[in-house]
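Colleague: Pasting a structure below so you can have a look.
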Amino acid sequence: MSPQTETKASVGFKAGVKDYKLTYYTPEYETKDTDILAAFRVTPQPGVPPEEAGAAVAAESSTGTWTTVWTDGLTSLDRYKGRCYHIEPVAGEENQYICYVAYPLDLFEEGSVTNMFTSIVGNVFGFKALRALRLEDLRIPTAYVKTFQGPPHGIQVERDKLNKYGRPLLGCTIKPKLGLSAKNYGRAVYECLRGGLDFTKDDENVNSQPFMRWRDRFLFCAEAIYKSQAETGEIKGHYLNATAGTCEEMMKRAIFARELGVPIVMHDYLTGGFTANTSLAHYCRDNGLLLHIHRAMHAVIDRQKNHGIHFRVLAKALRMSGGDHIHSGTVVGKLEGERDITLGFVDLLRDDFIEKDRSRGIYFTQDWVSLPGVLPVASGGIHVWHMPALTEIFGDDSVLQFGGGTLGHPWGNAPGAVANRVALEACVQARNEGRDLAREGNEIIREACKWSPELAAACEVWKEIKFEFQAMDTL
């Protein structure tokens with residue numbers, strides 16, 4: 001029997017190409033509590049109407065393709081298709097629109113950030129009808145949130161593990177980031193922890209290079225942790241970077257860290273990938289390890305205002321995939337971060353319920369139900385003069401991380417750590433006494449300098465250092 005080559009009109013299938021908006025633009029649609037909602041910033045090519053552009057995004061990120069196909073008739077597109085349900089122009093921008101798309105929950109595998117992103121931010125970002133496309137925000141329904149473990153432990157459990165309350169945690173990234181031997185690296189870790197820091201950190205690109213193999217680093221850092229704990233009576237930690245070329249090697253490093261009895265490991269979640277990150281987060285919960293997350297590569301994805309993925313989406317994805325800390329920008333340091341927008345996604349990381357607030361870039365109300373919170377990490381170009389602002393901006397549930405601002409102290413690493421700890425304790429005490437950190441911050445630091453020569457020396461070195469550039473990440 002030869003295959004059928006002709007189609008009769010009565011079959012109901014009409015081959016060819018039709019406008020996306022005929023199927024995927026549905027302004028009358030009422031969103032469901034179970035829908036994943038997305039806000040895209042869409043820049044259509046000249047001559048492409050916004051309705052067609054928004055519908056194309058909905059189609060290409062869900063069930064659509066460039067032409068009608070026979071197999072459309074074998075399923076229910078009304079049940080599974082994405083829908084562009086609202087479009088609004090972007091104020092102050094020509095030919096840019098916020099297009100809202102609703103996705104049925106059945107399109108996504110449970111507990112998989114990888115699958116969710118493969119659909120929503122997949123091939124559609126290379127679509128020719130669009131000049132540029134940026135995912136500004138996602139609303140994750142509670143039905144989907146509950147399919148994720150999320151952070152291995154969360155903020156309160158971490159505080160209980162560390163026995164540290166009522167203040168931000170203090171950290172330091174060991175510098176130079178590359179080139180130190182394992183023994184010298186461990187020495188720097190010890191000096192910083194002995195001086196008063198809670199944590200030290202592997203830089204994100206420290207994995208297992210010829211000058212310092214991972215096992216040697218882990219051993220010397222563990223020795224530094226135990227020695228500093230014995231001398232200070234405080235629980236200490238070092239973010240041992242378990243990121244590796246394969247998931248198997250990553251897990252081997254995490255297992256060795258657990259065997260050493262250290263409290264925390266680290267992962268570069270964007271370069272390492274969401275599948276690897278989620279696997280590591282599950283291991284960390286099962287084995288009592290905290291998980292510090294670095295966002296290396298994020299600016300490639302999120303820095304351009306009209307194309308890519310906003311970091312608030314990457315932050316939500318991390319909370320779902322799993323991490324106890326994540327770098328979030330500083331507002332005041334050397335790296336990108338506008339205050340209101342930064343605090344918007346900081347709240348998305350920490351709080352259980354966040355109301356829609358467009359002034360802070362939050363497009364949807366988000367309910368995290370029982371998913372634990374994540375500590376934001378302020379890191380990058382910060383020093384003791386920034387301490388009042390950081391304490392006021394980020395509050396107690398944060399990690400303030402000074403790399404060069406510790407190791408660059410003129411008297412050495414331990415005095416650098418002392419200076420940061422004294423500055424933090426002074427700011428917390430002043431705040432608790434009702435003083436205004438934003439207005440009196442410099443005075444508070446100067447007062448503390450009178451009884452801390454280490455802090456006075458740090459203040460003298462960095463008194464003129466500022467990073468005053470306009471933020472790219474604006475509303």
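All residue numbers here begin at 1 and follow the chain in the order shown.
Cβ coordinates come from backbone N, Cα and C, glycine included.
Not my notes, these are from Swiss-Prot:
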- Lys175: active site, proton acceptor (ACT_SITE)
- His294: active site, proton acceptor (ACT_SITE)
- Asn123, Thr173, Lys177, Arg295, His327, Ser379: substrate binding site (BINDING)
- Lys201, Asp203, Glu204: Mg(2+) binding site (BINDING)
- Pro3: N-acetylproline (MOD_RES)
- Lys14: N6,N6,N6-trimethyllysine (MOD_RES)
- Lys201: N6-carboxylysine (MOD_RES)
- Lys334: site 'Transition state stabilizer' (SITE)
Colleague: Go through Asp203, Glu204, the listed binding-site residues, and name the one with the sparsest Cβ surroundings, counting other Cβ atoms within 10 Å.
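Modeller: Candidates: the binding-site residues Asp203, Glu204. Fewest Cβ atoms within 10 Å: Asp203.
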Colleague: What subset of the recorded positions Lys14, Asn123, Thr173, Arg295, His327, Ser379 lies within 10 angstroms of Lys201 (Mg(2+) binding site) at the C-alpha level?
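Modeller: So the list is Thr173.
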Colleague: How many Å separate the Cα atoms of Thr173 (substrate binding site) and Glu204 (Mg(2+) binding site)?
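Modeller: The Cα atom of Thr173 (substrate binding site) is 9 Å away from the Cα atom of Glu204 (Mg(2+) binding site).
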Colleague: Neighbours of the Mg(2+) site Lys201, Asp203, Glu204: Cβ within 8 Å of the Cβ centroid, same chain, sequence order.
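Modeller: Sorted by sequence, the hits are Thr173, Ile174, Lys177, Asp202, Asn205, Val206, Tyr239, Asn241, Met266, His294.
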Colleague: Give me the CA-CA distance between Arg295 (substrate binding site) and Asp203 (Mg(2+) binding site), in Å, as a whole number.
Modeller: 11
Colleague: Which one is it, among the recorded positions Lys14, Glu204, His294, His327, that lies nearest to Lys175 (active site, proton acceptor) by Cα separation?
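Modeller: Among Lys14, Glu204, His294, His327, Glu204.
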Colleague: Please determine which of the recorded positions listed here (Lys14, Lys175, His327) has the lowest count of neighbouring CB atoms within 10 Å.
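Modeller: Comparing Cβ neighbour counts within 10 Å for the recorded positions Lys14, Lys175, His327 gives Lys14.
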Colleague: For the binding-site residues listed here (Asn123, Ser379), which one has the lowest count of neighbouring CB atoms within 10 Å of its own CB?
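Modeller: Result for the binding-site residues Asn123, Ser379: minimum number of other Cβ atoms within 10 Å at Asn123.
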Colleague: The record lists Asn123, Thr173, Lys177, Arg295, His327, Ser379 as binding substrate. What's the largest Cα to Cα distance among them, in Å, rounded to a whole number?
Modeller: 37
Colleague: Run through Lys14, Asn123, Lys177, Glu204 for me and report the recorded positions whose CA is within 10 Å of the CA of His294 (active site, proton acceptor), in sequence order.
Modeller: Glu204
Colleague: Just the number: how many Å between the Cα atoms of His327 (substrate binding site) and Lys14 (N6,N6,N6-trimethyllysine)?
Modeller: 52
Colleague: What is the separation, in Å, between the Cα atoms of Lys177 (substrate binding site) and Asp203 (Mg(2+) binding site)?
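Modeller: Given the Cα positions, Lys177 (substrate binding site) is 6 Å from Asp203 (Mg(2+) binding site).
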Colleague: Say we define neighbours as other CB atoms within 10 Å of the CB. Which of the recorded positions Lys177, Lys201, His294, Arg295 has the fewest?
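Modeller: It is Lys177 that, of the recorded positions Lys177, Lys201, His294, Arg295, has the fewest other Cβ atoms within 10 Å.
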Colleague: Please give me the CB contact count at 10 A for Thr173 (substrate binding site), counting all chains in the structure.
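Modeller: The answer is 24 other Cβ atoms.
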